[in-house]
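Chemist: Swiss-Prot feature annotations, pasted as is:
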BINDING   Cys16, Cys18, Cys36, Cys39  Zn(2+) binding site
Amino acid sequence: MKKDIHPAYQQIDVHCVCGNKFKTGSTNKEIRVEVCSDCHPFYTGKQKSVEKGGRVEKFKKKFGM
């Protein structure tokens, strides 16, 4: 096997938009995520809608149904 061809694996910080930070291992220098275990509805028990509306809702709105 060739030496020194693999990227360096290191401890990095992961930043969520909710403000949570945690460490993990990666070849990247930093990772930013939109949803983590502190703000995901499954883990928090709070349901929030991330869907703005599908095709059916747009059709009903357009034709007044």
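Keep in mind that glycine also has a Cβ here, set from the backbone N, Cα and C atoms.
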Chemist: Quick one, of the binding-site residues Cys16, Cys18, Cys36, Cys39, which Cβ has the fewest other Cβ within 10 Å?
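Modeler: Among the binding-site residues Cys16, Cys18, Cys36, Cys39, the sparsest Cβ neighbourhood within 10 Å belongs to Cys18.
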Chemist: Taking DSSP as the reference, which of helix, strand or coil describes Cys16 (Zn(2+) binding site)?
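Modeler: Assignment for Cys16 (Zn(2+) binding site) reads strand.
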